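Asks: Encoded as structure tokens, here's the structure I'll be asking about.
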Number of protein chains: 2
Amino acid sequence: MAELIDGKQLAKQVNAQTKQAVAELKSNGILPKLVVIIVGNDEASEIYVRNKHRKAEQVGIISETKRLPENTTQTELLNLIDQYNQDPTVHGLMVQAPLPPQIDEAAVTRAILPIKDADGFNPENVGNLYSNSDLNFPVSCTPKGIMTMLKAYGVQLEGANAVIVGRSNIVGRPMAALLLNASATVTVVHSHTKDMKRFTRQADILIVATGIAHLIKGEDIKPGATVIDVGMNRDENGKLTGDVDFESATTVAGKITPVPGGVGPMTIASLMQQTVELAKWSE
Amino acid sequence: MAELIDGKQLAKQVNAQTKQAVAELKSNGILPKLVVIIVGNDEASEIYVRNKHRKAEQVGIISETKRLPENTTQTELLNLIDQYNQDPTVHGLMVQAPLPPQIDEAAVTRAILPIKDADGFNPENVGNLYSNSDLNFPVSCTPKGIMTMLKAYGVQLEGANAVIVGRSNIVGRPMAALLLNASATVTVVHSHTKDMKRFTRQADILIVATGIAHLIKGEDIKPGATVIDVGMNRDENGKLTGDVDFESATTVAGKITPVPGGVGPMTIASLMQQTVELAKWSE
């Protein structure tokens, strides 16, 4: 059986460090503040936003959730973002996805000031990541959390054969950049890839972020590999399940994340950590 | 023998199209202008800059080469960039690498206005590329030229297994993004990769940009693959030679670029094309 990568436990440690970093910042007169804007009434978004708010308060970050109605216009949202951009008490700012159809998500991403970009989605930050810049800049929180897990569990990155399943802007692409910057050999496979499992079977590090329940089974994994499951799917009984078939995968992998209790808690812990970093960098 | 991908011939076609696009812009009162800044007395740079100037004049682009002394300070260079940023007659601006040690190259890259960034190196443009943005933005000219070659020679990109050797910001990384955006499966291998040739042997499209003469030989290539050689090395006799051993590679590959006469002419043609695009987008 593979070693379990306990995201829940590691998130507790990260959150404890964040709490301490917040205390230090406060003693220097900086009160880290995160603003989360939510537009409309998406139920899942509401849960995510509430979890972020609760976690922020737990670690001492000032948290504001700004709720806008479903029929908010693009201009109204951009004006609000601009207001927070100009507010020196706000260090981290994000707009919860998904957005109603009248809003251009990419324009929202560009509107958030790079130095307040808690999600790390602004093109300037994405460009810094892909250029392996030595500046300070935020990165997408899910891959950020995965990097923390890989390091905490002593996974060798340099020279490792890393395969990422999925090429989203939120997970697959920034994950590829972080692993390439850490000197792994990186392959990105996706829905257009022919014989995808030929690639997954060669991976020392396998990151799966497709939204397809149980896409990856034990037979698709290299013995001893580290398997990170980013999937959050509901099965027919409403039970949360990953993109990896945990039962068969755990008999082959060397290390593996569970769903739930793996990537999920690390993503939110990374958002808190990143908010504090943004506050620190703003000094 | 592999089909030759004739970069010299294709560059002529691209330049002819650019010349026509310049004429159209001029009839609309827009005179595309490219400014190339060169700092110091690097001999190779001087040749590159002269070639760019000559090509720009050939296609009707107004070309200015600004020469600064070796001891130019960072502030002086940034001030000059700012001047060109604000000059509405300038559409494309680039600073020739390499730069003297007192200059921070990354800071120069960030200083050039994204909408005038003829090299496509500004983080905002890099981020747009990696986010597969549907905005107009410039991209690094060597991979841009390679994409033009692949399309002109009918190379299937979607679902192809593309392997890129080298992870530079100028070639490897943006090449990976362009191919991923075109729905290829993309692997980036580099100096830390273990058993690199295991990867190159599986590539339908193999892009080699390492600066190591004859790193890739026929035995490292999948039969029928498309091989793009970005290398520009001098052999012991001063002869220009690529990262691919052409003689053995051409007996295995399906299509292959020569050195010289492959990627080189396409890079400069792409810079001209991109300058005209920047001028068009500025309307």
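Positions of Cβ are set from backbone N, Cα and C atoms, glycine also.
Please treat TrEMBL annotations as automatic predictions, because they have not gone through curation.
Pasting the feature list from TrEMBL:
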type    : residues                     : note
DOMAIN  : A:5-119                      : domain 'Tetrahydrofolate dehydrogenase/cyclohydrolase catalytic'
DOMAIN  : A:140-281                    : domain 'Tetrahydrofolate dehydrogenase/cyclohydrolase NAD(P)-binding'
BINDING : A:Gly166, A:Arg167, A:Ser168 : NADP(+) binding site
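What's the neighbourhood like for these features in this structure?
Replies: Averaged over the domain 'Tetrahydrofolate dehydrogenase/cyclohydrolase NAD(P)-binding' (A:140-281), the predicted model reaches a pLDDT of 97.
Non-local contacts of A:Gly166 (NADP(+) binding site) by the CB criterion (under 8 A, 6+ apart in sequence, same chain) comprise A:Gly172, A:Val188, A:His190, A:Ile207, A:Val208, A:Ala209, A:Thr210, A:Gly211, A:Val230.
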Asks: Through the lens of DSSP with three states only, how would you label A:Arg167 (NADP(+) binding site)?
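Replies: DSSP call for A:Arg167 (NADP(+) binding site): coil, neither helix nor strand.
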Asks: Once A:Gly166, A:Arg167, A:Ser168 are set aside, which residues in the chain still have Cβ within 8 Å of the Cβ centroid of the NADP(+) site?
Replies: A:Ile164, A:Val165, A:Asn169, A:Ile170, A:Val171, A:Gly172, A:Arg173, A:Val188, A:His190, A:Ala209, A:Thr210
Asks: If you count Cβ atoms within 10 Å of each one, which of the binding-site residues A:Arg167, A:Ser168 comes out on top?
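Replies: The most densely surrounded of these binding-site residues is A:Arg167.
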Asks: Give the residue counts of the domain 'Tetrahydrofolate dehydrogenase/cyclohydrolase NAD(P)-binding' (A:140-281) per reduced DSSP state, in the order helix, strand, coil.
Replies: 53 helix, 26 strand, 63 coil
